[in-house]
Amino acid sequence: MTSLLCITIISLTLAGSAFSLPTGSASQLKVKVYADLGSNVTLPCRLLSQDAMAFGNIGMRIKWTKVEDDEALNKDVLLSMGFHKKTYGGFENRVFLQELDNEDASIVITDFSRDDVGKYHCEIINGVEDSMQEVSLEVLGGLIDGVVFPYTPLVARYNLNFDDAVQACQKQNASVATFDQLFDAWKGGLDWCNAGWLSDGTVQYPINNPRGPCGGTNNGPGLRSYGRRDKQISRFDVFCFSSALTGRFYWLVQPDRLTFDEAVQACLDDGAEIAKVGHMYSAWKLDSYDRCDAGWLADASVRYPISRPRKNCSPDEAAVRLLGFPDKTQKSYGVYCFKEQ
């Protein structure tokens with residue numbers, strides 16, 4: 001039976017930084033790793049008992065798992081058994097065993113994104129004893145203080161001049177994103193094919209998966225730029241930036257589905273306001289808010305936030321899902337509210 005030894009957290013501030021792990025009996029080690037978005041980062045894991053290494057890493061079984069509070073949401077990352085190695089899901093072709101020596105079970109994650117942030121377990125079985133090690137992966141520089149999101153108004157795509165774009169973001173509890181904010185969001189995995197205004201008057205869009213309709217496949221990932229455009233004449237969408245919430249974003253439990261006007265009033269009756277798009281994005285990205293119920297927001301759109309992808313909600317990715325701008329008289333949806341602290 002595996003014995004567990006809890007050890008003080010070791011913080012590694014750069015991918016590839018030197019580290020040392022104590023040796024001894026099979027044990028559980030907790031490590032915290034920080035890295036820049038878009039970089040390659042090493043998650044350390046080693047066989048802790050030197051004496052137990054009898055046949056080299058060919059006889060070792062290594063399993064990496066990204067773990068959640070709800071075990072049903074755990075994700076397989078990598079499995080290695082001798083010469084057989086397999087990666088899974090969004091980690092496929094992005095995660096590799098480091099294999100510096102026979103006792104090294106560390107992995108390298110390439111193109112680190114915000115979706116990779118979280119807790120990982122490394123399990124080593126070598127036929128003599130087991131070792132379970134825990135690694136927490138976080139963004140270098142501390143907590144993320146905001147979120148960039150693309151915004152298209154009810155009037156449809158590419159209908160905002162610069163002044164309209166500023167007002168559109170303000171109405172959604174946000175501001176027009178800066179270039180640096182969009183660049184950080186791109187490094188964090190934001191991929192969007194519609195061009196939008198930035199605060200410096202340029203028009204750009206972030207591409208992580210190059211494809212024909214989005215600047216072609218000959219160009220690599222990056223920010224595609226239309227340059228500076230006439231702020232009065234040119235029409236595009238906009239990228240907004242919303243900071244961390246200063247209140248409570250929540251789904252209002254109601255016995256019936258609501259029209260838009262009923263949704264607005266229901267939040268008011270609860271001492272709140274109908275939530276804005278920026279509220280939802282901040283709650284989703286910064287607080288991992290997750291709910292698979294479509295609800296009205298203040299711009300008369302219907303959306304829902306998914307931070308834990310699953311069947312029938314958002315099976316492939318964490319995202320804020322947009323159902324569009326339905327007839328305001330429809331009684332088909334609930335409502336999300338926001339209450340200032």
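Cβ atoms are placed via backbone N, Cα and C, with glycine included.
The signal peptide annotation in TrEMBL covers 1-20.
If you look up TrEMBL, you'll see 22-138 marked as domain 'Ig-like'.
Annotated domain 'Link' per TrEMBL: 147-242 (among others), in sequence order. Over the domain 'Link' (147-242), the average per-residue pLDDT in this prediction is 93.
Within the same chain, residues at least 6 positions away in sequence whose Cβ sits under 8 Å from that of C214 (disulfide bond) are C193, Y205, I207, R224. The annotation disulfide bond is assigned in TrEMBL to C193-C214 (among others).
Annotation comment: TrEMBL describes 247-339 (among others) as domain 'Link'.
According to TrEMBL, the feature disulfide bond maps to C292-C313 (among others). For C313 (disulfide bond), the same-chain residues 6+ apart in sequence whose C-beta sits under 8 angstroms from its C-beta are C292, Y304, I306, R321.
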Structural state census, the domain 'Link' (247-339) (DSSP three-state): 21 helix, 28 strand, 44 coil
Summary of DSSP states over the domain 'Ig-like' (22-138), given as helix, strand and coil counts: 15 helix, 54 strand, 48 coil
CB contacts for C193 (disulfide bond) [other CB atoms within 10 A, all chains]: 14
